[in-house]
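Step one of this worksheet: look at the structure below.
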Amino acid sequence: PQGWLAQGRGSPRLVLVVVFVALLLDNMLLTVVVPIVPTFLYTTEYESANSSMAPAQPEPSPPALKAPPFSSLFSYFDNTTVTVAGSDSPLEVLNGTESSPHTEPPSSPPAPPRGCPEGDEFLTKENVRVGLLFASKALVQLLVNPSVGVLTNRIGYHIPMFIGFTIMFLSTLMFAFSGTYTLLLVARALQGVGSSFSSVAGLGMLASVYPDDFERGNAMGIALGGLALGVLIGAPFGSIMYEFVGKSSPFLVLAFLALLDGALQLCILQPSRISPESTKATPVSTLLRDPYILVAAGALCFSNMGVAMLEPTLPIWMMQTMCSPQWQLGMAFLPASISYLIGTNLFGILANKMGRWLCSMIGMAVVGVSLLCVPLAKNIYGLIGPNGGLGFAIGMVDSSMMPIMGYLVDLRHTSAYGTVYAIADVAFCMGFAIGPSTGGAIVRAIGFPWLMVIIGVTNLAYAPLCWCLRSPPAKEEKMAILSQECPMQTKSYTGEKPLREFPLTDDSDVEAENME
């Protein structure tokens, strides 16, 4: 086992497995709460408030006490004795063959259709609260990411990766046992800290162990497949477990899987070892002034903002317009998750052949069209096409932009990847921070369909900017390095040249050539 572990620690494939599992668990926890939180808050706050008010409602109707409970009347019409139960109660015939007509009580307000939740106004206000809850994770991650990028350049990727696992495990347990909105908000924010450590360190580690651009693109596609699988499993898994087992059950399962991931990291990554980057990283401020990195980051931000706006608002819109049961609220995201899984794995390879800039431009256009089609759905089956197209297109953008970020650093800056993937994660988090927080407020102000129009048109307008990434120029000093000897061809040296003895003579160069 020790020999296997020693060999495994030097294997890029096992590093890929560790990053895959970490992204899988992070995104399962990210999406498992999507169908749970709206229905949990509705159950605990709206229904409990109404049930506590229910006993007070019968009190203002004392007139029934003024009449005697039962009074007898003799009818001279058909010689029968009739019992009257109160002044407003129906009449019952005790002796005789006929029944007198029943007097119906005053009609109550019409009940909502079966399966539709009451409290339309509460659900509309809940859009904002649920949006803030979902956005808190991304907001915290947004603040923590730059410092994690600097930390990875100084101490390496192994220790931050393990710190991320520890915080994610604590956050998962807190989700399982939180019963109020405030505790859920704290757990979600804590998840943002852990996710920042895991994602920045994981993607930077992959970029460092796969120096070749083509291999790196394939590895990033597989790692993003873990992200997609987490999104795929999370929402349906959460909705089914919540309805049939209970609120704590999905989080306890995730906590157990997180423990397995921690054991895997202990075996493979050696998180006690400090291994700083061999080259000095480019400062964050310099990378943020690079227009090509900003275009790539913007594509990541706006494409993911669409699905980020859907997460808090689509379940509530389905509850209001489709009267959907709890299990359907998570299943609505299943087409997007499956197509995202296909898109990231397919275009991790194809994007390098067709051009990553073209792949991301087409992806952003499809994202815009899909979002415009979402409000046209009349039931859950009408969401299959738009959500499927949305997931596939976001998979195209993500699998193209993540390798481009590493390529841009190689081409235009120093090859230290912690900082640039911190920027990529910041862009991703900005989408998931701005999306839910503003989405809930926009839905409350102008409605869900107009929200989809706004974000759909934004993606369509941004798509042409991806053309700028078609052939980004290298920096002057990088061009000088690439143009030495034979341009655009790389050499690999397997061993060191033998040292030449001093003093050098006139024949030393001839001897060196003969030795080669």
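Just so you know, glycine gets a Cβ as well, placed from its N, Cα and C.
Database features, via TrEMBL:
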TRANSMEM  14-43  transmembrane segment
DOMAIN    15-474  domain 'Major facilitator superfamily (MFS) profile'
REGION    89-120  region 'Disordered'
COMPBIAS  103-115  compositional bias 'Pro residues'
TRANSMEM  162-184  transmembrane segment
TRANSMEM  190-210  transmembrane segment
TRANSMEM  222-245  transmembrane segment
TRANSMEM  251-271  transmembrane segment
TRANSMEM  292-310  transmembrane segment
TRANSMEM  330-350  transmembrane segment
TRANSMEM  357-377  transmembrane segment
TRANSMEM  389-409  transmembrane segment
TRANSMEM  416-435  transmembrane segment
TRANSMEM  447-469  transmembrane segment
REGION    492-516  region 'Disordered'
COMPBIAS  504-516  compositional bias 'Acidic residues'
- Among 251-271, 330-350, 357-377, 416-435, 447-469, which stretch has the highest count of C-beta pairs below 8 Å with the transmembrane segment (190-210)? 416-435
- Item | Spatial neighbours of the transmembrane segment (162-184) far in sequence, C-beta under 8 Å, 6+ residues away | 22, 25-26, 29, 33, 37, 41, 44-45, 129, 133, 190-191, 193-199, 201, 247-248, 251-252, 254-255, 258-259, 261-262, 265-266, 269, 271
- Item | Distal contacts, the transmembrane segment (292-310) - CB-CB under 8 A, six or more residues away | 134, 138, 333, 336, 360, 363-364, 367, 370-371, 374, 390-391, 393-394, 397-398, 401, 404-405, 408, 412, 420, 423-424, 426-428, 430-432, 434-436, 438-439, 451-452, 455-456, 458-459, 462, 465-466, 468-469, 472
- With pairs restricted to those 6 or more apart in sequence, evaluate whether the transmembrane segment (14-43) and the transmembrane segment (251-271) have 3+ C-beta pairs under 8 Å. yes
- Item | Recorded stretch, among 222-245, 330-350, 357-377, 389-409, maximising Cβ pairs under 8 Å relative to the transmembrane segment (447-469) | 357-377
- Within the same chain, the residues 6 or more beyond the ends of the transmembrane segment (330-350) and with Cβ under 8 Å of it are 31, 34-35, 217-218, 220-222, 224-225, 227-229, 231-240, 307, 310-311, 314-315, 318, 324, 359, 363, 380, 383-385, 387-396, 398-400
- Pop the mean pLDDT for the domain 'Major facilitator superfamily (MFS) profile' (15-474) in here, whole number is fine. 78
